[in-house]
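Enquirer: Summarising the annotation, TrEMBL assigns transmembrane segment to 28-53, 60-81, 101-123, 143-166, 201-228, 240-264, 276-295. Sequence annotations record features per position, and here TrEMBL assigns domain 'G-protein coupled receptors family 1 profile' to 44-293.
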Amino acid sequence: MASPPWENQTVIVEFVLLGFSTIWQLNIALFTTFLASYIFTVTGNGLIVLLVVLDHHLHIPMYFFLVNLSFLEIGYTSNIIPRMLASILAGRKTISVASCLTQFYFFGSLAATECLLLAAMSYDRYVAICQPLRYTVLMNGQVCVGLAASSWVCCFLLTALTIILLSRLTFCGPNEIDHFFCDFTPLVQLSCTDTSLMETIAFATSSAVTLVPFLLITASYSCILTTILRIPSGAGRRKAFSTCSSHFTVVTMFYGTLIATYLAPSAHSSQFLRKVFSLLYTILTPMFNPIIYSLRNRDIHEALKRYLSRKMVLFQRLNRYVCDGFPKPQGIYTFRIKHCRILEGIILDVISYNFSSLCMCVCVYSKIFVTVKVIQTLFKDF
C-alpha cells in the first residue's frame, strides 16, 4: 500500500509571515504609522474605559457594552500589532506553529466577540428607542451582564473547537504565509492533510457568530428607523437618531471591511488587497472607535470635563502650596505641622478620587521633599 505523499516531506515547525514589504525605507514608514495607531488605539479605548468606570453618570447599559467593546479593541490590536512591529523593526518574520495558532485563537475569538457585542448594543438601542417605557426592565443589570458574558464565553469556546482541529493538521511546506498575522485561510492552504471536515465546521461556527448577529443588527435598525420616522418633530427625530448614529457607524465600518476581506476573490493578484482590507478591521477600526463614540457624544464630553475638573482642583491645591514657597525656618515642629496638614489634604483627595490621583500626588510631593530648600529647612534647627 502506497504511503501518502506528505509522509516523505519535512514537517514544518515554524512559519514565515511575509508582511508588507522588504524595502527598509518603506518599513520605517510602516513602523511609525502602526506604532502611532497602536498608541492612539490603546490610549483612546483606555480613556473610555477609565471614564465609564469612574463616572457614575455613565453606569448605564449603553456604556457598559461600550466598556466591553473598548477593552476588546485593546486586546484585539495588542494581539497583532506588537508582533508586527517587532517583525518590521528586527526583520524577524518567523513564528512557531504554536504561537501562530495562539495568535489566531485570540484573533478569531475577539473578532467573533465583537460581532456579538455589536448585536447586543443594537438590541440596547432598539429597546431604548422602540420600547422606552420598558427599558429599565428589559435592560437591567442582570440582562446586560448575561449578554456580555455569554458573548465572551461562547466565542472563545467556539474558536477553541477550530483551534483543536487546526492543531491536528500536518504542515509540510511551503512555510510562507503571505500575510501580516496568522489567519485561517492561509493556514489551511499550507496544510498537506484533508481539511474538508474542518473547513465545514469552521464555516458553520463563523457563520453563527457573524451572519446571525448581522441579521439581528439589521432587524434592530429596521425597527429603529421605522420608529424614528414616526416621530412628528424634526428635533425629536434628530435626538433619537443621535443616540444610535455612533453605533451604526461602527457596525458599518466593521462589517463592511469584514465582508470585503472574506468575499474578495482568492486569486493571487488580490492578496495585497486582502491585506489592506485586513488592516482596516484590525487596526483602523479599533483606532477610530474612540473617536466615533466620543466625537458627538455629550455624555462622554461631560464625563471628561468632570474628570479633568477634579484633577485641576487637586493640582491647583498642590500648586498653591508650591507657589507660596516653603515655610521660613521657625522651628521644625511648625514645619512638620504644615506638612502634615498638606499631606492630610492629599490623602483626603486620594480617597475622594482614584488611584491616578495617588500617583500624581506621590510624584509632586516627592519632588517637593527632595528640593534643597526642604533639606535646609529640616536641618537648620538641629
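Cβ atoms here come from the backbone N, Cα and C positions, even for glycine.
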Enquirer: Which range out of 28-53, 60-81, 101-123, 201-228, 240-264 gives the transmembrane segment (143-166) the most CB pairs under 8 Å?
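Expert: Maximum Cβ contact count belongs to 101-123.
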Enquirer: Among 60-81, 201-228, 240-264, which stretch has the highest count of C-beta pairs below 8 Å with the transmembrane segment (28-53)?
Expert: 60-81
Enquirer: The domain 'G-protein coupled receptors family 1 profile' (44-293): mean pLDDT?
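Expert: When the pLDDT values over the domain 'G-protein coupled receptors family 1 profile' (44-293) are averaged, the result is 87.
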Enquirer: Can you tell me which parts of the same chain pack against the transmembrane segment (60-81), counting only residues 6+ beyond its ends and a CB-CB cutoff under 8 A?
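Expert: Counting only partners 6 or more residues beyond its ends, the transmembrane segment (60-81) has Cβ contacts under 8 Å with 34, 37-38, 41-42, 45-46, 48-49, 52-53, 103, 106-107, 110-111, 113-114, 117-118, 120-121, 124-125, 128, 139, 144, 147-148, 151-152, 180-181, 282-283, 286-287, 289-290, 293, 299.
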